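*Asks:* Here's the feature list from TrEMBL:
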type: BINDING; residues: B:ARG48, B:LYS54; note: NADP(+) binding site
type: BINDING; residues: B:ARG125, B:SER126, B:SER127, B:ASN241, B:ALA242, B:GLY286, B:LYS301, B:PRO302, B:THR303, B:SER304, B:SER305, B:ARG327; note: FMN binding site
Protein chains: 4
Amino acid sequence: MSMNSFGHLFRVTTWGESHGPALGATVDGCPPGVAITESLIQHWLDKRKPGQNKYTTQRREADEVRILSGVFEGQTTGTPVQLMIENTDQRSKDYGDIAEKFRPGHADITYWQKYGVRDYRGGGRSSARETAARVAAGGLARAALATLAPEVQITGYMTQIGPHGIDRDRFDWDQIDQNPFWTPDAVAAAEWADYLDGLRKSGNSVGAIIEVVARGVPAGLGAPVYGKLDTDLAAAMMSINAVKGVEIGEGMAAAMLTGEENADEIFLGNDGKPVYSSNHAGGILGGISTGQDIVVRFAVKPTSSILKARQTITKGGQAAEIITKGRHDPCVGIRAVPVGEAMMACVILDHILLHRGQIGGAVGETRGRIG
Amino acid sequence: MSMNSFGHLFRVTTWGESHGPALGATVDGCPPGVAITESLIQHWLDKRKPGQNKYTTQRREADEVRILSGVFEGQTTGTPVQLMIENTDQRSKDYGDIAEKFRPGHADITYWQKYGVRDYRGGGRSSARETAARVAAGGLARAALATLAPEVQITGYMTQIGPHGIDRDRFDWDQIDQNPFWTPDAVAAAEWADYLDGLRKSGNSVGAIIEVVARGVPAGLGAPVYGKLDTDLAAAMMSINAVKGVEIGEGMAAAMLTGEENADEIFLGNDGKPVYSSNHAGGILGGISTGQDIVVRFAVKPTSSILKARQTITKGGQAAEIITKGRHDPCVGIRAVPVGEAMMACVILDHILLHRGQIGGAVGETRGRIG
Amino acid sequence: MSMNSFGHLFRVTTWGESHGPALGATVDGCPPGVAITESLIQHWLDKRKPGQNKYTTQRREADEVRILSGVFEGQTTGTPVQLMIENTDQRSKDYGDIAEKFRPGHADITYWQKYGVRDYRGGGRSSARETAARVAAGGLARAALATLAPEVQITGYMTQIGPHGIDRDRFDWDQIDQNPFWTPDAVAAAEWADYLDGLRKSGNSVGAIIEVVARGVPAGLGAPVYGKLDTDLAAAMMSINAVKGVEIGEGMAAAMLTGEENADEIFLGNDGKPVYSSNHAGGILGGISTGQDIVVRFAVKPTSSILKARQTITKGGQAAEIITKGRHDPCVGIRAVPVGEAMMACVILDHILLHRGQIGGAVGETRGRIG
Amino acid sequence: MSMNSFGHLFRVTTWGESHGPALGATVDGCPPGVAITESLIQHWLDKRKPGQNKYTTQRREADEVRILSGVFEGQTTGTPVQLMIENTDQRSKDYGDIAEKFRPGHADITYWQKYGVRDYRGGGRSSARETAARVAAGGLARAALATLAPEVQITGYMTQIGPHGIDRDRFDWDQIDQNPFWTPDAVAAAEWADYLDGLRKSGNSVGAIIEVVARGVPAGLGAPVYGKLDTDLAAAMMSINAVKGVEIGEGMAAAMLTGEENADEIFLGNDGKPVYSSNHAGGILGGISTGQDIVVRFAVKPTSSILKARQTITKGGQAAEIITKGRHDPCVGIRAVPVGEAMMACVILDHILLHRGQIGGAVGETRGRIG
């Protein structure tokens, strides 16, 4: 009943608060024999790290990960891997003003109501800082995938910021790493830069949509009916701070399609594996991977900490107006890209292990042969 | 690692295939002292039952539930409750044609690949028939809620079928039970009737969107950060057959909002509890209920079994054309309404028990007082 | 948090009361492709069935198992297997006298205190009748083992009844099926027959010790440090009704040994696998199987339902004397033999699946090679 | 499927190796509002700390615990509590000799076979050093019990070392803290001192029996049938390094009793609660606490690292003789006393939370009233 844990066989427990001494991930169930170093994990943390450009919070954290257990002579041992990140920049004085007032749209008030504890230092456990631990765990998951299923490739990118979406016709995989928004559409990137500049100056924030794609995932992963691959992905993405919607393949738009339109027709590929005419399904049928790309999208709401005055109440029950100063992201969705990738990596690895336990055989080996 | 189970303390395991002798739900963790009878559960099963109007499958099942354990003298005992539904109409001969061919958009092919078993009898475990067991469990959850938190009211309804959405200005709670689509918009209901008639005649199908609202849910429910109330709801809804997207509150549209727009401002109500100016959050902040209505939406893709010819392959690897005869729903989303309600009931009850275990106190009692 | 479930990947949930309409086991996680029939499971149920000789309760139950799901054309499909046993002989009138009085040494009083429900009909869920569901699940586990690890052989037998233990020098595997006590010592069997006759006539009961051995278990099974093979076996055996102690290998007597005596010396066998000079460890080191016989022992306390008058109180709080009439086992330990075997089968299978998920490779394949 | 975790609602995950940089416990599910400091936990760690007298290993570890998360202003917040202990004395050079040879009776060989990793530095994860993390978690559990159920008192003590048991007639609670063996029998303590001196000089080791008693535990705790209080205690104790047997109340000796002897007769106490004439049951009936003392015993085998020469093999498959130098406990059972107490504290707390979630009401409140 560990509610700070996710995963079945690759099980990640995150711990730590925004302004405590440290935070981290206790990862249980990583297979032995996976080559891993701190710098391999650091690579992904650096991608998420705040303060890298003017579109993300100016809080500066080294976000240096230490491996405290589970690794010996450069390889995992099969025992729990403890990944710790010390908090270095804990300027909690910035938050003095919100010790009493609840921020509209923020978890301040519900944490207070539930736990009766007001950890006003940057949101405590509800802070997006918790996602650093997810990214660290995701780095380990990627390393394990590199050993067990090297053909799996996981890439996240932004498709929408506020009213501005990408143009799929301009989709370019190579563009993703070339702009601060990890978007495959260079034109959109330029547009967003201007748009966010304006927002930031006005002290406002905005939501975003992130898409994460896993390519090279073998058919057969997923554990119907309550550990379906899409079920676990939906939970993984919805658990990320500020996420309000999750879609697989066509997502909500599937409601608008007819059965004829939605049917991804099946052909036999040259390698004897099924080939599909389209991917409305997002790579998952009946909760099980088809071998096509796994496509997940999620929407992140705008940061609730803004410079715009909003009505609220205090812990003492008084009406108040609140303006949240401090260092916040005008679009927290940007930093959600590596987080979404990390969750995808963890879920895919977990289901590879689970499939192996339930069905046996090598990864990517399916029981039912076609042809 | 029970992948046919969901819930933490109120734990439901469903079992059974579309055309086996029976199916059901093994419910573990129902509190003792809940008044329950078979007819109380039957009420909800009847709502979901196929063959009730021309818009749902013509398969006729009595769907009579039997309580085999866990209830003594009209009350739950605290031991597992076994809810069994016998299959009576198992005309599996209808399915002969698809024993070899895989239906595009259906789990046929992935189940075969994963398990190496071809239970062609109506989809076996991947059939939407499995949801009858969920509805039975949901009936028990509702009975437990009636005892523990009688103010909780759960209502599902359709908001969209194909291109036709409801008009929120015509929203009428009382209308929901008055039409075969459980929609609060009487005008939309009439429109949909025509639209579906046309689709059915042409042998096609269509997707839909269902919204489920829980009113009267106390503040403080939800277990951050991986057992958040919205995380569990996302998983619950995504696990339903054919669901491709899940939204909380604003959902995907949250991406389009600014922080200023999205902030549900807070005021103090006459009863000393917080009152919000709006509910963009869908009743959940930081994974914890605010006391507002919990609002969840999910999209159901169109039924994959259609009379339209589609290209596919056979188990033997041959190219083929498939037309799926048999008794299918032109809009499986209709029957998903009571299923969504059932999942909501189970999740809310589960989190009431979990909150009690973690925090203590009566249901609806929060640790942090305001004012 | 399913407390009526055990196992990690092979997960068994038992349900049902002594005098309800039925009881059974919902088994989730059985691998697909296991050949299974009702009669294969019935074989083990018949071994446990009451009323077979004068040393066990005279309640007569057909104990016929039905497979309601998860099996298609004689093979498991990978979906949940529902094993149901209907109760036929529910003479609950016999129990009238104990509806009010609590039996000393029985769960009557604690179930009442915990749940506030008095299911006086034969103990309800606390009845040893629940173990029939375990034996059914164990039958399925044995069938899966026959496919996955055919060299595994599981045998239980009694080693002690009251003050009378077996003589290890007379240990004869072939004798076990030849007497009503499943004991390998024919002389002890004769002794026990006389002893139990006397006890039964005097209306008394007695405890017993059962030993269960698994031969042919590959090295490497077990998941340190809280899913150790011995940890799971201890939990499995302690969960059986009336069990008060569990031992692995030397068990409690290990306290009396020196390190020199206890060290099972290691040699290299002809097949390149380790061979041990002795088996004080009971086949488990550090929670992981060594490849030697797994040896578990457990003690069953005497049946609490006896004809001897004991002091007790009523539900209403009145002092009372109680004599429990009805059909009870003078030595409930006898029927615990097949139950212990079933638990062993489930645990071994579960750890084979878990090992496969965590480490990969074929069953019995270990990662570390010696030599 | 976290195999380095235990507990249902109070969930402890331990991590770390004997000679890595640190080890610790990630505790999820501790209720909010529990007063806790590092020194409260340190108290229990100091009790377990090695090198305190000549009867335990001379390895010197500061064993200083740091709280890295989950505590704010001296109180738990309801979020995960990270308890970290840095390893300071990692003289791994002492272990050079055993990098190749497997110690008979030690987990060296099975860890190698399972994981294919040879962490020869003091046993890695299989080292008894892991129990420091349990003791830290147990310290937190005790603090939570002090808030939730202050009447609960947990005490462990030794009852047997090798052939020398205590005399129950000399049992004196006050004696337990007065000798290095935590034994209630002062005469036995003196005897054991002599006996262990001899053993240590000869380079041998010996087993022991520890008894842990929880007084003041309310009736009604325990979750039949696979989360019984005794089932969880058996698993908890068997998971401790070197434990080979677990007993509840009469334990294995229950096999020798008749039903008449074993029945703890019931009377009504002055406070309206049941009073028992004896406690053969060890405070648990049907897996649920009776309100009597909970009595658990476990046997610890002798340390396998001894100076006596034993036959073994090397990783390379060569026959060899082994003598384990280094700093080891002649009787590792001594340090198991605080570990057993810690496990008891965690299990009791966990079941208090679970009972609250399942049944509701205050701790110690039962649903069924007597009288």
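The backbone N, Cα and C atoms fix where each Cβ goes, glycine too.
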*Asks:* Highest CB neighbour count within 10 A among the binding-site residues B:ALA242, B:THR303?
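*Replies:* Of B:ALA242, B:THR303, the one with the most crowded Cβ is B:THR303.
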*Asks:* Which whole-number value in Å describes the distance between the Cα atoms of B:LYS301 (FMN binding site) and B:LYS54 (NADP(+) binding site)?
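*Replies:* Here the two Cα atoms lie 19 Å apart.
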*Asks:* Is any of the binding-site residues B:ARG125, B:SER127, B:ALA242, B:THR303, B:SER305 within 10 Å of B:LYS54 (NADP(+) binding site) (Cα-Cα), and if so, which, in sequence order?
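*Replies:* Those close enough: none at all.
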*Asks:* B:SER127, B:SER305: which of these binding-site residues has the sparsest Cβ neighbourhood within 10 Å?
*Replies:* B:SER127
*Asks:* How long is the line from the C-alpha of B:THR303 (FMN binding site) to the C-alpha of B:ARG48 (NADP(+) binding site), rounded to the nearest angstrom?
*Replies:* 16
*Asks:* At 10 angstroms around each C-beta, which of the binding-site residues B:ARG48, B:LYS54, B:ARG125, B:LYS301 has the fewest other C-beta atoms nearby?
*Replies:* B:LYS54
*Asks:* Cα-Cα separation of B:ARG125 (FMN binding site) and B:ARG48 (NADP(+) binding site), in Å?
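*Replies:* On Cα coordinates alone, these residues lie 18 Å apart.
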*Asks:* Would you list the binding-site residues among B:LYS54, B:ARG125, B:SER127 that come within less than 8 Å, Cβ to Cβ, of chain A, in the order they occur in the sequence, writing 'none' if nothing qualifies?
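*Replies:* Filtering B:LYS54, B:ARG125, B:SER127 for a Cβ under 8 Å from chain A leaves B:ARG125.
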*Asks:* Chain C proximity: which binding-site residues among B:LYS54, B:ALA242, B:LYS301, B:THR303, B:SER305 have CB distances under 8 Å? Answer 'none' if there are none.
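*Replies:* In terms of proximity to chain C, the binding-site residues that count are none, since no Cβ is under 8 Å.
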*Asks:* Measuring Cα to Cα, how many angstrom lie between B:SER127 (FMN binding site) and B:ARG48 (NADP(+) binding site)?
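*Replies:* One finds 14 Å between the Cα atoms of these residues.
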*Asks:* Would you kindly give the Cα-Cα distance separating B:SER305 (FMN binding site) and B:ARG48 (NADP(+) binding site), rounded to the nearest Å?
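*Replies:* Approximately 19 Å lies between the Cα of B:ARG48 (NADP(+) binding site) and that of B:SER305 (FMN binding site).
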